[in-house]
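Below is one structure, written out as structure tokens, with a few remarks after it.
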């Protein structure tokens, strides 16, 4: 019976009164729970749907600004939360300062300064909003709401359906919505099935990276079905991370072999063979922007600022970097896409560095550490659900291989759903039923 009650609490935590652990102050506690839940859903939907007003400002940004007193204090109760807020704030200041420095030899625009700065500030706000919402809504409800918002954003972008809609518009929103519904059931085996189905769909729609991400997430979720030995509890997180590295390496090597041999489609085969022949690996050959980013960093390590545009010298440096991996940069890609209207280096780490300098690098490294902690802690404690694992795995990929603009909302949800309560903080928050441990309370929030 106790096991059934525990499973029910994890599947339907939004109805449990003990979820209201007092993170947002006395004023919020006096408001009826359904009202707070409605407000939380509305804010999440506005933030994730990305409907722009102008200069990179969205309705979600305005909602986040108005509700700062609700979500900002929440950071201090979660592992890494304070660092996210502090480094994010420093990054916002650095974006302006670096733009002013770069204006001596670079053209700058106010529109880029505002919109690119909001990529980081908005990301931090989205993390805070999701963390705050977790005390009133289940992960399933948060995930479905966020996924619907992402789907609205995709459907209202004209460019979403010009080339491979699954890869560039639909895969992530659909995965988040479906896997969030699965998370509400608490059945890991069901999550594995849907992750494998999504991996198959990615093969059908020529999406190599998604194929690997869904498979790795499925393995992490499946790990929790294995018997947990008492002797393995100590240091379990480190074991998980070591195994995760091995799994990722195996998936990459097996995936490369399948791609090169044509098992995942002829188009993917042709592209993969060309990349391996040119650069020695699919990763390096498929992301020549990494070589350009490294060259730019060595040329100007403190970054450019959020409002700066590339000058001819930057273009030459980037092209020289690409030549080191046998990529021909004289095809218009560098001028039109990498530096067309702003710096867009096709990796979160690259964009964070270009816009926010060393503060951006610090935020990227912090995100990397926190994402790895989420995997280690959640899998080791058997609290990892399919939607969180997919988001974390994809965010780890995005840090190095996808731009900040498209990857920021995914990272925000991954951190918001995955970060753990501080053990010492959860014992001081009050409103915890007698006999309920801090670990049990966190399990409710993780469900």
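Each Cβ is built from the backbone N, Cα and C atoms, and glycine gets one as well.
Any TrEMBL annotation is an automated prediction that lacks curation.
What TrEMBL says about this protein:
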TRANSMEM  27-46  transmembrane segment
TRANSMEM  52-72  transmembrane segment
TRANSMEM  79-101  transmembrane segment
TRANSMEM  113-132  transmembrane segment
TRANSMEM  139-157  transmembrane segment
TRANSMEM  163-182  transmembrane segment
TRANSMEM  189-205  transmembrane segment
TRANSMEM  211-226  transmembrane segment
TRANSMEM  238-255  transmembrane segment
TRANSMEM  352-376  transmembrane segment
TRANSMEM  406-423  transmembrane segment
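Nonlocal intrachain contacts for the transmembrane segment (139-157), taken as residues 6+ away from its ends with a CB within less than 8 angstroms of a stretch CB, comprise 14, 41, 44-51, 130, 133, 169-170, 172-177, 179-181, 183-184, 385, 387-388, 409, 413, 416-417, 446-447. Where the transmembrane segment (52-72) meets the stretches 27-46, 163-182, 406-423, the count of C-beta pairs under 8 angstroms peaks at 27-46. Listed as Cβ neighbours of the transmembrane segment (352-376) (distance under 8 Å, sequence separation of 6 or more from its ends, same chain) are residues 79-80, 83-84, 87-88, 90-95, 98, 116-117, 119-120, 220, 236-238, 240-241, 244, 293, 296-297, 302-306, 343, 345, 384, 388-389, 392, 395-396, 399, 404, 411, 414-415, 418-420.
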